[in-house]
Amino acid sequence: MSLATFLQHCLTGISLGGAYALIAIGYTMVYGILRLINFAHGDLFMIAGYLMIFTLADFPWYIAIPIVLIGTVVIGIVIERLAYKPLRSAPRMSIMISAIGVSLLLQNLATYLFTALPRGYPEIPYLKRIFQFGTLSASFVTFLTPILTMVLVFLMVMMINKTKIGMAMRAVSKDYETAEIMGIKINSVVSFTFAIGSLLAAIGSILYFTDRMSVNPFSGSLPGLKCFVAAVLGGIGSIPGAMIGGFILGIGETFLVALGFSTFSDAFTFILLIVMLLVKPTGLFGEKATEKV
Amino acid sequence: MKKSTKTLFNIIAVSIILAILIFLEMNKRKFSYDISIIERSMIYAVAAVAMNLTNGFTGLFSLGQAGFMAIGAYTVALLTIPVEARAGVFYVTGMNEFLSKIELPFIPALLLGGLFAAILAGLIGIPVLRLKSDYLAIATLGFSEIIRSIIASPQLNMITNGSYGLKKIPRFSSIFVPIALCCLCILIIVLLINSSYGRAFKAIREDETAAEAMGINLFKHKLTSFMISSFFTGVAGGLLASYMGTIDSGTFKITLTYDILLIVVLGGMGSVTGSILGSFLVTAGREWLRFFDQPLKVGNWQVPLFRTGFRMVVFSVLLMVVVLFYSKGLMGSKEFSWEGLVRFFKNLFTRKQKLNGGVSNGK
Amino acid sequence: MGNNVLRLEHCTMQFGGVVAVDNFSMEVNEHEIVALIGPNGAGKTTAFNFVTGVYEPTNGKVFFHDELMVANHPAGKMKKLYKGDPDQICEKIVRKTPDQITKLGIARTFQNIRLFKALTVFENVLIAKHMHAKSGLLKTAMHLNYREEIQMRKEAMELLEMQNLAAYRNDIASSLPYGQQRHLEIARALATNPTLLLLDEPAAGMNPQETDELAAFIKKTKEDFNLTVFLIEHHMDLVMGISDRIYVLDFGKMIAHGLPADIQNNDRVIQAYLGVEENA
């Protein structure tokens, strides 16, 4: 592998990793607050892809993008209200099964409405413009993704640590019941968490599908699983951790594909998970929680 | 109800079922469709009861069913496809030299399939089960996807025949083979659940800290439950291979796991009879709901919504409805009993009476 | 002293920078009833938790029948944060999980009752017999261990009868009245055949009459089962009535220990308790 191809792959990997990171943050936040693996998050990402296909057919990109972002956020909040909120006090397994139900429903609904055949993802102006640096060439989106990801992560960390709603989120994730007694409106905090998670998933979807160029009803499920793994790698509950986890997965996967092991690139993710759980179960940035007896 | 009455009821019930099975077996041609539904239901019931062992009785959340079934199915298929038929099956790349000569009878192959599934479960369980059970869900789900992609990979063409799948797997010689095997598997799991180990599993489900304070080694018991469950899931996969005759990696998609999850949830987490009932309802239901996928015309009016894919939408809505509104499922954590059945009908009757009484009083 | 059942030596427990238990040493002798008292948040339950293996102490040793059962010293990040006595750093590391400790003969109850709620009273007690069962998995699963199973059931039933819980045997544990649930939790702990019984606030939520009954019950149980008892309690009547000796913790530090009469008149103990009340 020459240096140029090496750098090329690095660039692709970082870009893919950025998109993964944005989805992983959604997982990590929801898990942090509700202790729920939101199996439907990956499918929401897929739905955001379809949304873009249809809105961009009728509107210019500067209107279509806000519509997609808002639409995804609304769907995310509706899912939380309908499928998760009624189960707040139910056993944890019930709410996870409900999440699986939503995931299945979104996939089947997409198959029913849009057929299982992949649909071409529209080209958003500027994003696909190719830049040339010596022997390296990459589209604008490849550069935009990691930068945008880092900016968003920075904003998120600021929000969690500096704002009132961020403080409320931290409180809810530490102790649900006490937070409620202290007058924090749990439902609005949870909705807000889902809104942020969905927003990032929508942004991630634009960046990811622009590179992949097509969407099908199942294109959210595997990336979804991988991003949860990314969140675990970084330490569940930690936003910078989710970003690092996303980058590790993205780069690792790109190199495996480049070396001709594309079939095993998915396996790589889960082997990484198992190894991480063996070596450092709390993830790179996770903190050990002690249960009170 | 007296014990002798119950025994009598049991004998009658078993004889009726046997009579029906003998009747079906004698008229195989005519009822092939019904037979296939019954066989599939029973195989799913094994997988569902096994899933219930971890998810309902031990309180672990495992989602690797499709993967473990794939292991069992491929093991059985590779070991039982007749040697002379193998060249035809592996027409693209040919079969691995060493494997192509091994042929086993069905039962040993089935056991081996279960064993492989259990060993793999152990490999996943050892790192993951020491931690909080949450990670098991994601690790098993991931494992199940990996298995599928590895099976389909061109590198394994010589062993799994890659994406071409396996054909000519010997089918069951009669309906009694799968039914007897399935009943045996379920019986073993039931015996386990009712033993001292089963009680320990339930204790872990109820309260891990208290179970540990009772001297129960959490890791060891969780691993035991998970491996036994995976063994029987592998066996169910092996049975499925023989039932279908043709398998490929697409057979073992995540949707298979979700089907079994739906069965367990519908039947009731922690109820074996619920899982069996659920698997018949879901398997038969899938067939009955087929009309959702066909365009439907009432007179000249084309009913909207009815077209390919609608059935699955209805199915997923059903899962949601059960989880959200009937979270206990059909049986809750209770088991079938004749008393329960009598009570059920009595309640139905008295409620009707009350309803009638209420109406007449109102008049 | 040859016959002490439980001995803690220089135990310190730190959560990050917070010292929950500070250099605590104590012992419980055979056939004694020893109480650990102190205001809320004094570190009593934490001390219990490292005796039972739920937490690892940051530093210190725990002996059971003079055998080293748990030992730890600060490591990693904790090395810098450690605020305990540097002269008492324990060298060895011995770890035991809660189930191993139960097998050694220490049984416990919990501050907020932890029964197997959806199981019957009988099953709750029967589960405790599981760890002593010798039959392997296969034998047990195939119900070939019926002799052992019958024995287990017999023992569990005897215990329920002795505790006057036999009438509830087929009731679901969570359906019992509160006092009976506490009772059942003790019965379940006894089913593990312990030599040392740890009770974490057994009288919490009981009225005075129930508390008196409990005191008599603890004394009787101790004699019947030939036990040593170590308990945490807030009800001073109960503590003063049944304890042979008392240790007092405040903010993680032991401020007094001795006979009930001495503790009652100890100035520091009175300060620790009443001082809090004055501020409140």
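Backbone N, Cα and C define each Cβ position, glycine as well.
All annotation found in TrEMBL is predicted automatically rather than curated by experts.
Feature annotations, courtesy of TrEMBL:
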type	residues	note
TRANSMEM	A:6-27	transmembrane segment
TRANSMEM	A:39-57	transmembrane segment
TRANSMEM	A:63-83	transmembrane segment
TRANSMEM	A:95-117	transmembrane segment
TRANSMEM	A:137-160	transmembrane segment
TRANSMEM	A:189-208	transmembrane segment
TRANSMEM	A:228-249	transmembrane segment
TRANSMEM	A:256-279	transmembrane segment
Interface check, the transmembrane segment (A:228-249) with the transmembrane segment (A:137-160), three or more C-beta pairs under 8 A:
yes
Cβ contacts under 8 Å made by the transmembrane segment (A:39-57) with residues that lie 6+ beyond its boundaries:
23, 26-27, 30, 63-64, 67-68, 71-72, 75-76, 79, 83, 96, 99-100, 102-103, 106-107, 110, 114, 119-122, 124, 197-198, 201-202, 204-206, 208-209, 215, 217-225, 227-228
Report the listed stretch (A:63-83, A:137-160, A:189-208, A:256-279) having the maximum count of Cβ pairs within less than 8 Å of the transmembrane segment (A:6-27).
A:137-160
Quick one: find which recorded stretch in A:137-160, A:189-208, A:256-279 has the most Cβ pairs under 8 Å with the transmembrane segment (A:63-83).
A:189-208
Could you tell me what the rest of the chain brings near the transmembrane segment (A:256-279), counting residues at least six beyond its ends with Cβ under 8 Å?
1, 5, 9, 222, 225-226, 229, 232-233, 248-249
